[in-house]
Amino acid sequence: MATDTDTGTASAEGFGEVSRVRGIIFEYLSLGASVLGIFALAVLLVYVTIDAFDLTNASPEWLLTYFLTLVVPFLAFCLYSANDRELTRRAAGVLGGGLVAVAVVFTAIEAFVTQIPRLSWQLAYLFVVVFPLTGYVTYVGSSGRVGGVGFGLVGRLIGGTAIGLALAVLFLVFDARLWFLAYTLGIVPALASYAYGRFRERPGASTAAVPVGIVGVLVAVFLRPVIDTYPTTAFIYLWTLAIPIAAAGALVVGARGSRTEAIAAGGVPLALATVVGLFGGILGLGVGGPNALLVIAVAGVPTAVYLQRVFDAGDGVIGLGLPVLLVVGALVGALVVEAFGFPAPDPWIDGSFITEAPSRTPADAGLYPAIVGSVIIIAMVAVLSFLLGVGTSVFLEEYTANSGIVGALTRLLQINIANLAAIPSVVYGLLGLGLFANLLGLGYGTAVTVSLTLSLLILPITIISAQEAIRSVPDDLRRGSDAMGATRWQTTKNVVLPEAFPGILTGTILALGRAIGETAPLIMVGAATTVFSAPNSLFDKYSAMPMQIYAWAGFPQADFRYGVVAAGVITLLIILVGMNGTAILLRNRAERGT
Amino acid sequence: MSNTESSDSLITTDVETGSDEHAVAPDRTAVAARDLNVYYGDEQAIDDVSMEIPENRVTALIGPSGCGKSTFLRCINRMNDMIDICRVEGDVEFGGKNVYDADVDPVALRRKIGMVFQKPNPFPKSIRDNVAYGLKIQGFDGDVDARVKESLKGAALWDEVKDQLDSSGLELSGGQQQRLCIARAIAPDPEVILMDEPTSALDPVAASKIEDLIDDLAEEYTVIIVTHNMQQAARISDRTAVFLTGGRLVEYDDTTKIFEDPEEQRVEDYITGKFG
């Protein structure tokens, strides 16, 4: 007995307690700071969304209709996919309970304290109950097989359409006829030569592919002004883009499925694109023309390939109904609203907002020229900064020596690059104005000047992050490759770059996100705040989305400052998120590949 | 003391089996070092080493850490060139030519000398691409798949991976990865294979598989292996070189001789574990 008590007290006295107060304070302060930041951003986005979609004018009947036709079926789909009874019960509980709770609390406040405007009721339902629950259920549902298939299909449809539209926008300024000649004379012979060498075991033909391609492209540049009859744009798209994409899709399917499936996966979207693109107008389909052809081909082929894969796996096929579910839900909702004459909101962001030019009246204002400008600028910045950034970082990491005079110079260069990242963007604007616009005469506010300036601006970030990624490739791998008798270039190309690629892409995505929202350097190089028609050459006067939004924010009419600006911000954010999302998907795919 | 005795007896038996397999014959020299001195900055890593390494034999380099045996190994395929502060004096002859001559391209040299490292370092590529890597960079235009199969068989890995050639080399176990690295090294058909402690990161079973493999490799290739494991050196090598601190080659002879009756007291002390 005595011994027991002794040991008991001894251990209690012997160990005592160690204070963790500072650590705990730090932990909660950091948590608070990050939550505060996210919360502030969320509140801002809620307000912007309300303005852009004119939710203040949404009637309860309108909201309820779409809730029942669109949100409830979608939730049911996700819960079916998650296939978790407990989760379903909880989701239903939260949805029902949340709606009732809001009603009870608000009724109580109204009864005892003060009247609550109808808008607040709706917002509470939407942003406190429905949106968070939908987000969570979507997340859970997407991890199930059925949900994965459904979201995969919707993602391919939307992503393909976006890429198709982006290509169409790029062809506004890049000469489709030159592309036609370069493709026909350069790329096709080069590919043919490569394929011939590959399958007939003739290495010479494969090696010849690159020179053949370069000669072909040069000939095309030379011939462009000489030839003056060209096929129509629709035919050019068909020949240079739709057919190769369909062929690639057929090859992908052919590698794992039957010949018939391969032909169907490539041929069906191609046929559809051809019919709608070339004859859509004649047949009175309402859509048609080269852009429709492009979009159908770019979105259709990956979708067809995906469908084949899903049917082949035979798992979660029912998930393919998701797009139908959403479209039917939206249509039924619209019909009901129409039939009963529910007062509907009139969102600022709609079809005409993104397809029409700016105007003096808020209701007619559009963002189209600025979207086109931004897309073209971002595409050029992405290419320029990626090539320059990767090139520089490979040179600095793999080719320069660490010691001696060269080493000292490298370190000096390194310090300068790090400092460049900290220079304000206005200064880069000044540099662009002096160097590109004035000295090189590339013009004030042209796509070339703006893209070069923005590339310079984000180049330090791209370089530093790419260097980090390259440095994180284990030295073991380099030594392994060197010991095989690989040259520095072979090691870099075959081992270092593939391994560093996801990291490089991450850095580039972040940097591009900064470039797309940049306004100050654009003002400095003389980009227009408002242009009224889409540019049709790289040397036209350009505007970009942030410039246009900035201009609207200064307009006297309140509708501009609230509604139109909000719609612009939402468009900008959607494009940004879409771009980043695509890049992140690419990166994840690259990571899985290794 | 009893410890030493038991390991001694173990060595003796194994050496006997080892020497049975490779009957002693007059050997041609594959690699030779003459008055080799290597410095890292001001520090001398190898001190005046001269030795001749016979063709189609396994030669083991043993010695305590920091004695310069890995440095010596890396002089043969000039991997020391990668280290900025490293300076080499003297000759290393390979195929009758000093590899440090001005007209020798180290990249071309390394294509004739394979190397296997301490830690398995397969590339993050498929098994097939790993083995075919040397062929690809050397512009090999024959039947790559046949060569891949042959090399994997040569590395005693074919039966384990023949159904998963397209899966990543990183999915293999540590021992399999090391054999993959050996397959990668022998695929371009080099003349010499350098191994820098190839089993020290592996478990005993995987290590013994690699040891068996090294024995087979010596029929076609000259194998030079650095090891910390005395029993391993005794089991697999025909010739053994003992380096001691300061980068000096203290004794170099037939393995049986080194382990049974070394000339130098220091070598005996090191081998029996009294020193090192």
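Including glycine, each Cβ sits where the backbone N, Cα and C put it.
Taken verbatim from TrEMBL:
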- A:62-80: transmembrane segment (TRANSMEM)
- A:92-113: transmembrane segment (TRANSMEM)
- A:119-141: transmembrane segment (TRANSMEM)
- A:180-197: transmembrane segment (TRANSMEM)
- A:204-223: transmembrane segment (TRANSMEM)
- A:235-255: transmembrane segment (TRANSMEM)
- A:262-283: transmembrane segment (TRANSMEM)
- A:289-307: transmembrane segment (TRANSMEM)
- A:319-342: transmembrane segment (TRANSMEM)
- A:367-396: transmembrane segment (TRANSMEM)
- A:371-583: domain 'ABC transmembrane type-1' (DOMAIN)
- A:442-464: transmembrane segment (TRANSMEM)
- A:562-586: transmembrane segment (TRANSMEM)
Contacting positions for the transmembrane segment (A:180-197) when only residues 6+ beyond its ends and CB under 8 Å are counted: 203-210, 212-221, 223-224, 227, 230-231, 236, 239-240
Counting Cβ pairs closer than 8 Å to the transmembrane segment (A:235-255), the top stretch among A:92-113, A:262-283, A:289-307 is A:262-283
Cβ contacts under 8 Å made by the transmembrane segment (A:262-283) with residues that lie 6+ beyond its boundaries: 234-235, 237-238, 242-243, 246-254, 289-290, 292-294, 296-297, 300-301, 303-305, 307-308
List, by number or range, the same-chain residues at least 6 past the transmembrane segment (A:62-80) whose CB is under 8 A from its CB atoms? 87-88, 91, 95, 122, 125-126, 130, 133-134, 137-138, 140-142, 146-147, 150, 322, 325-326, 329-330, 332-333, 336-337, 342-345
